[in-house]
Structure formats: structure tokens, C-alpha cells
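Here's what TrEMBL has on this protein:
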TRANSMEM  B:23-45  transmembrane segment
DOMAIN    B:120-349  domain 'ABC transmembrane type-1'
TRANSMEM  B:126-147  transmembrane segment
TRANSMEM  B:159-186  transmembrane segment
TRANSMEM  B:219-241  transmembrane segment
TRANSMEM  B:282-306  transmembrane segment
TRANSMEM  B:326-352  transmembrane segment
Amino acid sequence: MSETVLSIRDLKVEFDVPSGRLPAVNGVSLDLRAGELLALVGESGSGKSALTMGLTGLNRGPRTHISGTADYRGTDLVAASRKQLQTIRGADIAVVFQDALAALNPVQRVGKQVAEMIRQHQKISRADALTKAQTLLGDVGIPNPQQSARAYPHQLSGGMRQRVMIAIALANDPGVLIADEPTTALDVTIQAQVLALLKRMQAEHGSAIVLITHDLGVVAEVADRIAVMYAGRIVEVGTRDEVLNSPQHPYTIGLLNSMPRIDGPRPRRLAAIKGSPLSGVKRPDGCAFAARCEFVHDACAERPELAQRTAEPDHLDACFLPAEAKSAALRAGAA
Amino acid sequence: MTTTTVAARQPPRRSLGGLPRMIALRLLTIPLVLWALATLVFVALRLLPGSPATSLAGGGSTDQSAAQLTANAAEISANLGLDKSLPQQYLIYLRDLVTGDFGSSYFGGNDVLGLIGNALPATIELTVAAMLIAVVLGGVTGLWAALRKDTWVDTTTRAAATVTFSLPWFALGVLGIVVFGVWLGWLPVIGRVPNQLSYQPLTNFVLVDAMLQDRPELIWPWIQHLILPASTLALSTAGFITRIVRASVLEVLGDDFVRTAQMKGLDENQVVRRHVLRNASLPIITVLGLQFGTLLGGSTVTETVFSYPGVGVLLVDAVLQRDYPVVQGAALAIALLFTLVNAAVDILYLVLDPRLGES
Ligand SMILES: Nc1ncnc2c1ncn2[C@@H]1O[C@H](COP(=O)(O)OP(=O)(O)O)[C@@H](O)[C@H]1O
Ligand SMILES: [Mg+2]
């Protein structure tokens, strides 16, 4: 087992909203291992962005309450001062945002935007930073990097812009790269290219990557491990094969069943999970998924902790139901 | 050559073909605007009750009979060409304008271009000084309020801005004169340069002349004379700029690329300096161009209050006397200035925002 770069314990991110305090992240514990690609999967609104923005402090503000701990190589990101976070951001933890067009400064050439990231954390001349930026742009697959560095974001295609974002994020070889739905805004062929790029960069830069997505299909090819998030909590985490081949939580099963398959037998229908995700400020004492769960029983009135419930030591889930009942359901869904 | 097909999607350099064309198009609108304005002034003047002939005819002696007055007026009308039909007068007026003939004053016969050449630089000095004060004051307070949103700084700044925004220039000018000129005696309240300095205008821009004629002693008194009228004029515009700057900065602060800048590890100052200001300045610049027009309008009142020898005073006096050529000339000069400034603003906008100026 490799070293842990980021160790999250009981992290909560809550927002003051008109109706009260919204627990967007409701007690998450998760370890990120050096150099791995962890896919963080969950329906929109499950708190994936709130979790990762909470780690970087990018959603700090008077209406945000963050508690718990997030240990990055000895620094607790939750308790870190703004100054501390500024030295960590960009150098140790970087983010690729979903909408690259909005995330890039519209009136600045992209080469300069990459160079800025380099100069913020390395002692290097302006000219050298720009040369390095051009090299990085070439590395992420942008053609004619010298010329492209002079382009403004709107002059590039969506895929190229996202490559620029990735070049920015990787500029200082961060220990952790968070990619928040980096391909959602792109069309399918470009999506695959960008994912392949992330996978390649993971190896070349040695960064651990948290790849956020609401689409399990996206991660099947690239993820080392998968964490499934529901209503602000991790409901299941394990290696890619564990989670995809023997999912333990009914929510994971539901997500898998609603995935169109190209390889295996086609589901009769896209078995979308019935009901809608929790979004209000009130949360049940017990399992948050109970209201939508076809296996719900008395035990679910109590909150199931994320724990090892199978023979696999790395495979954790938060469901009381015995494994046999669930694998039967999985077969039924895939039939 | 597989890379070129991919690269074809992205023009790496800004295609300059679009930009000069758009600038040229923008400049082409200037004569149109001026023509419309010249027409408007022409019509407005003729709609005003009273004619230059009657005020001229009554000007000389006091004991003329009504019949004499009318006869004199008719003769003067004929001399000035005012007996012709309005369309005829209009055509002559346009023809003269095109040939650069602005005519001469009905009263005293001074060449209109000469009058404007004397007065316009003074007005430009006043307006530019006011603009500078307003931009600095409004920019700093607006930025400060935005960065300290919802704190007492923000609330106080906004309240102050709203108050200045609604103060009339005239009242402000008089207040300034009473407080700083009369009570405190800190600042001169009348004119542009003290007479005893015997300023010999060359370009009529004091700063330029001071350098050309090597007379640095002109500069400080000139600034002293500018402070009160320019500040008076600037205050309400500053309040307006405060509000615009605050709104623009707040809007940009909510943009995604600001979060990217924070993600890079930039501190608040760096984020604002490198990413917020330029983006926020785009909408502000447009407003500044329009505010320049407001300042020109306000300078008329301000010049009158401070007996400042600018185009505003020239215009007001000429309107009262129905001195058509001077009114037309002065109004056109102000309009030209305003139009040029706005064209410059639009062009600046095209240059500053790379998303524009491309086909
Ligand atoms: N700044 C915020 N203020 C209030 N509520 C927020 C804020 N950010 C996110 N939320 C809410 O928190 C929940 C989780 O949001 P988010 O983390 O963006 O979900 P995801 O990224 O998984 O789609 C949602 O209900 C969202 O409305
Ligand atoms: Mg999200």
C-alpha cells in the first residue's frame, strides 16, 4: 500500500441558506494515496464539488462552515490560515474546473496564464516561465505550442481549453490534482482524449488525481479506485474492480444499473434510481438513501458507518444489508 | 501534416483584419453625428423666441421709436442673411461648415473659430481635470467598497456616493466658493490664471504653453485655479463612477477565472491587480465616455459660477444674445469633443477586449 498524501477525517462543509444550514458535505472520511487516480462519483448535488473546494478553501466565506480535518503531508487544510493555503494552492493542490472557458481569464493569453502558475511558486524569470509554459502546452497535446500560447481562450476549441487548464494545474507537479467534472462540457470523443491525457499526466507528473464525475462510465477505464458519494457522505469506496464488479451499496448498484452497457448484456430499461436525491437542510438520522432504497429495512433507521463489510480490506461501504441479497439485485438489474 | 488540421481550428494570433475595419467604421460615424447635431442646433436656435436682429437693433441707442426699431431690425436681418427662407439659411450654413467657415460673431465681429480656439482649451483643461479627479476618487472608493462588500466601508461609501451623485453642480460650486474661497481663503475662486502673471496664450493650454514658453511659474497658480471648479464638477461623476466600479468589480469577482486565480495561490491583491481590474474596466470605460459628456454639460454651469473663460460661458452668453454663429460654433465644438472621446473609448474597448474586433 502506497503512502497517503491526503487524509480526510469527518469533513463537513455546510452552507448557510435561507432555510437553515445545508450539510453539503456531511462527515466524509477518505484517504488519497500518492499517485493514484481516485474517481469521486455521485449524482449532481451530492456534494462532490463542495468537498473538494472545501479542501482547497476555495469556498471559504462567511456563509460556509468547514469542520473536520484534512491532512496534506502534515498540514491540516481545514485549520490552515489563508496564507498557508495560498502557498499550498497551485503548488501542492491544483484544480481543473468543469467549464474551462469560464475558468480562464478571457483577456489574457493562455501562455501567460500557464506562466503565471509557474512563477507564483518557482523562482524563475518571466521569459523562462513562458518557455516552460509552451513546453507544458505541448505536453498536454496542444499543437503549435509556441503560437497557441499567444491565443486567447476564446480562440481555442473546448478540448484545447481544457488541455490548457490541465497544463496550468500540472505546472508545479502538485501532489494532488482535483479534476472537477473536467469533461462534462465536452463532446464524447474529446472527453475520451482528455481522460486519456489525465491518465498519462498522472503517470508523468506523479500527481494523485481526484476525478470528479457523475458518470460511472467515464471512470471505468481510468480510475484506480472509486469513491461513491451520496447526500454529502461516502457510501462506498474500493478499487475500481471491487466497486464495478461487486458493488455493495444499493446506490452504487443503482448507478451501475442505470449505465448503458456496450460490453455486457443490455439492461431491459435504464433502471434509473427512483426518487430524487436529498437536497434540503433536513437529513434523516439513519441512512440517507433509505427513502429511495428497494432494500430498506428496520436497521436503516440507524446510520450505517462506512466500514469494511466484505473480505476485501480496502473495500468499504455504508450498508447493513448482507452481500448476497445485493448481488442478486445486481444480477436482476443486468438481466 | 496532421497537426495543421487540428491547428486550423484555432487562429493563434489575433486576426488584425477585423480590428482596423471596425475602427474605421467607428470613425465614419463621427461626421454623421456632427451633421445631425449641427442640424439640431440650427433648428433649436430658430425655434427660440427673439432674433439676433432685434437684440442688435435695440443695442445701440435707447430712444428709438418702435418703427425705427423694426426698420433697423429688418435691415440687420437682411445683412445677416436672416431674411432668407429657413431651408436656404440651412443650406448656406451647411456649405459654410463644410468649407470650414464658422462665421463671425454678430456682436463685435470676432471670428467664431478664434473665440472657440480661446475657450475650448480652457474647457478641455477643466473637464479633463474633473475627469481625472472623478476617476481616481470613484475608482478607489468603488474598488474598496466592492472588496469590502457588506461591511461599514461599503455601506458608507455607497451612501456618500449616492449623496454626491444627487448634488446639483451650481449649489456645490457656490458652497466651494464660500467655504474654500471666502471662509478659509485657501483657493482662488475666479478665472483661470491671475492677470498679473500676464499669460500670453499660444496653444491656450496653460500646461503646454508653460513648457513651450519655459514659464514654469504659470503651473501652480493654474492648478490652484482649477482645483475648485474641477472638484465641484468631479464630485457627482465620482459618485457615479464609485457605483459603476463597485458593481463591475463585484460582477467580475463572481467569475470563474477569479477562482482559478485563487486556485493558483494568488493573494487577494494579486487576484485583483492581475485578473479583476482589466476585466472590470471594460464596462467602466464605456460609462466614462458617457460621463465625459455629462461633465462637458456640467462645465457650462461650473464655468459660469467660477467666471471661468471656457466654451460653456461663451455658449451661455451667445444663447442669451441670440448670437447664432457663436452658438452654432460652440455647440459643434462641444459635440465634436464629446464624439471624439466616445469614439476613442469605443476603440479602446476594441483593443482591450480580444473577444471583440474579430469577425
Ligand atoms: N456556495 C454554496 N452556497 C449554498 N449552497 C451550496 C453552495 N455550494 C453548493 N451548495 C449546495 O450544496 C450541495 C452540493 O453541491 P455540490 O458540491 O456543488 O454538488 P456536486 O458537485 O456533487 O454536484 C447542493 O445542494 C448545492 O446546492
Ligand atoms: Mg459539482
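Placed from the backbone N, Cα and C atoms, the Cβ positions cover glycine too.
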Mind checking which residues of the chain, 6+ beyond the ends of the transmembrane segment (B:23-45), have their Cβ under 8 Å from one of its Cβ atoms?
89-90, 93-94, 97, 322, 324, 327-328, 331-332, 335-336, 339-340, 343, 346-347, 350
Same-chain residue ranges lying at least 6 outside the transmembrane segment (B:326-352) that approach it to Cβ under 8 Å:
19, 22-23, 26-27, 29-30, 33-34, 37-38, 41-42, 45, 93, 97, 102-103, 105-106, 112-113, 115-116, 119-120, 123-124, 278, 281-282, 285-286, 288-290, 292-293, 296, 311, 314-315, 318-319
Between the stretches B:159-186, B:219-241, B:282-306, which wins on the count of C-beta pairs under 8 angstroms to the transmembrane segment (B:126-147)?
B:219-241
So if I exclude everything within five residues of the ends of the transmembrane segment (B:219-241), which remaining residues of that chain have a CB under 8 angstroms from its CBs? That is, six or more out.
125-127, 129-135, 137-139, 141-142, 160-167, 169, 172-173, 176-177, 180-181, 187-189, 191-194, 197, 206-207, 210, 284, 287-288, 291, 294-295, 298-299, 302-303, 305-306, 308
For the transmembrane segment (B:282-306), distant same-chain residues with Cβ under 8 A (at least six beyond the ends):
122-123, 126-127, 130-131, 134-135, 169-170, 173-174, 177, 189-191, 228-229, 232-234, 236-237, 240-241, 244-245, 248, 312-313, 315-316, 334, 337-338, 341-342, 344-346, 348-349, 352-353
